[in-house]
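As annotated by TrEMBL, domain 'Enolpyruvate transferase' applies to 7-410. TrEMBL lists LYS22, ASN23 with the feature phosphoenolpyruvate binding site. Annotation source TrEMBL lists UDP-N-acetyl-alpha-D-glucosamine binding site at ARG94, ARG123, PRO124, VAL125, ASP126, LEU127, ASP309, ILE331. The annotation active site, proton donor is assigned in TrEMBL to CYS118. Here TrEMBL flags CYS118 as 2-(S-cysteinyl)pyruvic acid O-phosphothioketal.
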Amino acid sequence: MDQIIVRGNGPLKGEIPIAGAKNACLTLMPATLLTDQPLTLTNAPRLSDIRTMTELLQSLGAEVASLQEGQVLALSSHDLNNHTADYDIVRKMRASILVLGPMLARDGHAIVSLPGGCAIGARPVDLHLRALEAMGADLDLREGYVHAKAPAGGLKGAVIDFPIVSVGATENALMAATLARGTTVIKNAAREPEIVDLAQCLRRMGAHIEGEGTSTITVEGVKTLGGATHPVVTDRIELGTYMLAPAICGGEVECLGGRIDLVAAFCEKLDEAGIDVTETDRGLKVARKNGRVRAVDVVTEPFPGFPTDLQAQMMALLCTAEGTSVLEEKIFENRFMHAPELIRMGARIEVQGGHATVHGISKLRGAPVMATDLRASVSLILAGLAAEGETVVSRVYHLDRGYEKVVRKLRGVGADIERIKGASSDE
Ligand SMILES: CC(=O)N[C@H]1[C@@H](OP(=O)(O)OP(=O)(O)OC[C@H]2O[C@@H](n3ccc(=O)[nH]c3=O)[C@H](O)[C@@H]2O)O[C@H](CO)[C@@H](O)[C@@H]1O
Ligand SMILES: C=C(OP(=O)(O)O)C(=O)O
């Protein structure tokens, strides 16, 4: 298994290009199942999760071609010859559940394996299922699979009022509603930029959607959708991650393609902590203000709040801040697995339930550490960049789910980082 070795070597300087969003691409790709016309996604990220979604769509009979070194995905689902999303693929990635709504809406039936929980939490899919039931679907859970059938004549528009905000359930409901008969109103919808991106793509395909980016999305169902070409929105989590590199190490880094509106709540916390963020015509420039980073309290929330997917990386920053910070994780019940690893690097962190208290110290020390999930793994790399000595991060396959060319991007701004043993082809 590959490892990443990081040696803290002072301030960083330069620019880092930010890729298209994994989480947007993972919902845009299944949208191909809604039409027999070609869907082209540009600005796609090159990640193992994208390869898993490719494998899943291909297993259903869709064609997925990766062009321009993976930056362009040409998708087509002219005839689906299989309507079963198999456990062997679905278990690799929770976003696989996003094929359910589109298949059901277009062909009236689908069998999709339940994805199961993952390291960060139990992550049920009850809200996805309830939304489809509200649209008239008949759902049966058997042997770990959801067997779904639409009523005769197809799914029906409905009022779906989510009890809690769910990104995935909003996406599944939104895609299904585009081909349902009549009007669907999704209340308490997720407002993430990835939802807005999905709605924009669906609209390009001919869907009638209003209200994306607000808590109420209204969809007027149409009979068929057509093809489209759509650029994947910038990855706000990759953006936030690389913004933290100069915040932790000092120096100045410009994140190309970055936009404040994608990371506004995060930028507020950076400002409080003493980090300068400037909008340029190419992206966001980040540098530490004078002196040591200051402690800040962080609560994770659905967009536009502080994203749970940046909590681990923010903790890495706060380990060496002046004072005590409290991070409250409100989205996932088990998302502090990076804390024991950061403690191995000398950090002073206490975790109690959904709260982590971080007492800032002046310097972390390199250590062998283990990545436990995607964002945890990159938080350890960030911590390693600022630590004294060498940090060896193992289980970096988690990282490959969500960060392309991480070694190349960080080396480009002067970091001392390398990948060893069977280095992946895209590094
Ligand atoms: C591929 C993708 O886009 N992943 C993102 C998506 O995950 P995902 O779409 O899985 O996250 P959700 O927004 O659905 O989860 C929010 C909360 O709702 C709960 N829940 C969700 C669905 C459901 O049917 N029942 C239920 O109880 C979850 O367990 C969690 O506690 O949004 C998360 C929250 O911003 C991000 O961390 C993930 O990176
Ligand atoms: C939790 C994440 O992804 P997923 O929902 O695919 O597990 C993430 O991107 O941080």
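Glycine residues also receive a Cβ, built from the backbone N, Cα and C atoms like all the rest.
Unlike curated records, TrEMBL annotations are generated automatically.
TrEMBL feature annotations superimposed on the structure.
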residue : record                                        : CB count, 10 Å
ASN23   : phosphoenolpyruvate binding site              : 25
ARG94   : UDP-N-acetyl-alpha-D-glucosamine binding site : 18
CYS118  : active site, proton donor                     : 15
ARG123  : UDP-N-acetyl-alpha-D-glucosamine binding site : 17
PRO124  : UDP-N-acetyl-alpha-D-glucosamine binding site : 13
VAL125  : UDP-N-acetyl-alpha-D-glucosamine binding site : 19
ASP126  : UDP-N-acetyl-alpha-D-glucosamine binding site : 10
LEU127  : UDP-N-acetyl-alpha-D-glucosamine binding site : 20
ASP309  : UDP-N-acetyl-alpha-D-glucosamine binding site : 23
ILE331  : UDP-N-acetyl-alpha-D-glucosamine binding site : 20
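Only ARG94, ASP309, of the binding-site residues ARG94, PRO124, ASP126, LEU127, ASP309, place a Cβ under 6 Å from an atom of ligand 2. According to DSSP, ASP126 (UDP-N-acetyl-alpha-D-glucosamine binding site) sits within a helical segment. Long-range Cβ contacts of LYS22 (phosphoenolpyruvate binding site) within its own chain (separation 6+, distance under 8 Å): PRO45, LEU47, ASP49, ILE50, ASP235, ILE237, GLU238, ARG401, GLY402.
Averaged across the domain 'Enolpyruvate transferase' (7-410), pLDDT for the predicted model comes to 97. Under the DSSP three-state reduction, ASN23 (phosphoenolpyruvate binding site) is assigned to helix. Across the structure, the residue listed as 'active site, proton donor' and VAL125 (UDP-N-acetyl-alpha-D-glucosamine binding site) are spaced 12 Å apart at their Cα atoms.
Secondary structure from DSSP puts ILE331 (UDP-N-acetyl-alpha-D-glucosamine binding site) in coil. Rounded to a whole value, the Cα-Cα separation of ILE331 (UDP-N-acetyl-alpha-D-glucosamine binding site) and ASN23 (phosphoenolpyruvate binding site) is 16 Å. Looking at ASP126 (UDP-N-acetyl-alpha-D-glucosamine binding site) and ASN23 (phosphoenolpyruvate binding site), their Cα atoms lie 20 Å from each other. If you measure from the Cα atom of PRO124 (UDP-N-acetyl-alpha-D-glucosamine binding site) to that of ASN23 (phosphoenolpyruvate binding site), you get 18 Å. Largest Cα-Cα distance over the residues recorded as binding UDP-N-acetyl-alpha-D-glucosamine, namely ARG94, ARG123, PRO124, VAL125, ASP126, LEU127, ASP309, ILE331, equals 22 Å. For the pair formed by ASP309 (UDP-N-acetyl-alpha-D-glucosamine binding site) and ASN23 (phosphoenolpyruvate binding site), distance between Cα atoms is given as 11 Å, rounded to the nearest Å. In three-state terms derived from DSSP, CYS118 (active site, proton donor) belongs to an extended strand segment.
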